Amino acid sequence: MITLEFVYILAGLTFAIFALLGLYDRTSPKRFGNAAFWGLLAVSMIVGDYLGDFGNGLLVLALVAIAGTGQICRAPGGDVPADVQAERAARHGPFLLVVALIIPAVALAGTFLFKWVPGLADPKQATLISLAIGVLIALAVAMARLRPAPLLPLQQGRRLLDAVGWAAILPQMLASLGAVFALAGVGEVVGGLIGTAIPEGSLFGATLAFGLGMALFTMVMGNAFAAFPVMLAAVGMPLLIEQYGGNPAVIAAIGMLAGFCGTLMTPMAANFNLVPAALLELKNPYGVIRAQVGTALPLLAVNILFIWLFAF
Amino acid sequence: MLVLIGILIIIAGFLLRFNPLLVIMASALATGLAAGLDIAAIIAAFGKAFNDTRYVSIIWIVLPVIGLLEAYGLQQHARSLIDRMKGATLGRLLTGYLLLRQAMAAVGLTSVAGHAQTVRPLVAPMAEAAAEARNDALSDAQREEVKAFAAATDNVGLFFGEDIFLAIGSILLMKGVLDGYGYQIEPLHFSLWAIPTAVAAFLIHGFRLRRLERRMAQTPAGAETGA
């Protein structure tokens, strides 16, 4: 049976090759730093489960030390000139589009296949496993037809990842920070503060505090999942549900979505907001957030209104 | 109260634009120490969580395929498709993607599309081409905004579609937490109550995409033009 382990090994091997290519790239001024950074990430992917918690912690400290002191960078060059790309696009265009769509198509088909036919792959991880298989199939099809230099996909992949740089591990770092916050009881303290800020006896005030609290606390944590249990304990359960008799399904479902409005507005949700800015090579790292605020704020107001209208 | 120092460090660190990895590490250490944990325990807790969340970083395995396809001109091809489609305006293109993303997320297909898989190789270049078709003097700032909106549309579609799906993590979390208080609620109820917000998100973001299209059709006077 295929498990997530297979995907971790595949990712680890990819990072390991990126590290080696970086090491031998003499045009890069920081080639040792790059090689060490992606190499450590390869170690984490492949043998992370055997390093122990403290060992993994030391690995993270090493990653932070390398990237935090500016030891990784993007090597110059490697871009395919635009006129070569345009000439190739005229020849291979429709084929390229088909290959690009193989990845989502296999992810889709595999998700259903692995759920219906048990025993092939871990059904809980069906989409991620299918995504990885889709990548392998797309790569094989493209290599067979285009016949590029054997290392070209990995060289170009490394160039793209170097452009993202340390932001590539930001989502994992923030998720880990969330775990330390949970251990330290940050949520209870924030929930308590918000609980005391609500005007006595006002249903709308309590609804407003719940919705705003979900969004604000999600912005701090970068994740509505962390905010939900805290805000429910501080405001949702004692006031909205027990004191005012609100419908718990409405309060929970729409409250969570109020939190998602916060996710759109915070750099802490790095994988949604900062990583795409790096991936699209935007000059402003907060460009995606800027584009989202105008949707997030009115939608947050609508969510608060919906709770008030539908739950009571 | 002392444990809130980590939040202050994060906010100050992001505002002062220190390297976020350093800021996160400093925040974790300060928060842990304020809560009376010793350094080794903080490092171990951080390391355990880092290892448990490796799955968020496996998306990077798509980059070799995307890099290969881009070297052969995928972005140019995506652009030329838009040039050939007469009705494909910026607003219609991104609104169509928004609807598709919401619909797929609503049936649980959240990782099928995304920033690395679809936005960078397809949606962003198509959006740029659609904007260029109406404005041959698109400025660099406008080009940035179009790309940022392509990514934003992916996020809005994902967030306000996925909660309609029964077996998504957030629904299971809500059920679990409410179970803890003695309220037994079927996941279907959470799913249904996600629909009004999904509709509102489509209307609000779709309206903003129409305004974006209009704004991108004209280059403000004095703006430098892009290549």
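Residue numbering: from 1, along the chain as shown.
Cβ atoms here come from the backbone N, Cα and C positions, even for glycine.
All TrEMBL annotations are machine predictions without curation.
The transmembrane segment annotation in TrEMBL covers A:6-24, A:54-73, A:94-114, A:126-144, A:204-237, A:249-269, A:289-311.
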Cβ-based contact of the transmembrane segment (A:94-114) with the transmembrane segment (A:126-144), 3 or more pairs under 8 Å: yes
The transmembrane segment (A:126-144) touching the transmembrane segment (A:6-24) per 3+ Cβ pairs under 8 Å rule: yes
Sequence-remote partners of the transmembrane segment (A:54-73) [C-beta within less than 8 Å, at least six residues beyond its ends]: 28-30, 32-34, 36-37, 40-41, 43-44, 48, 162, 165-166, 169, 173, 176
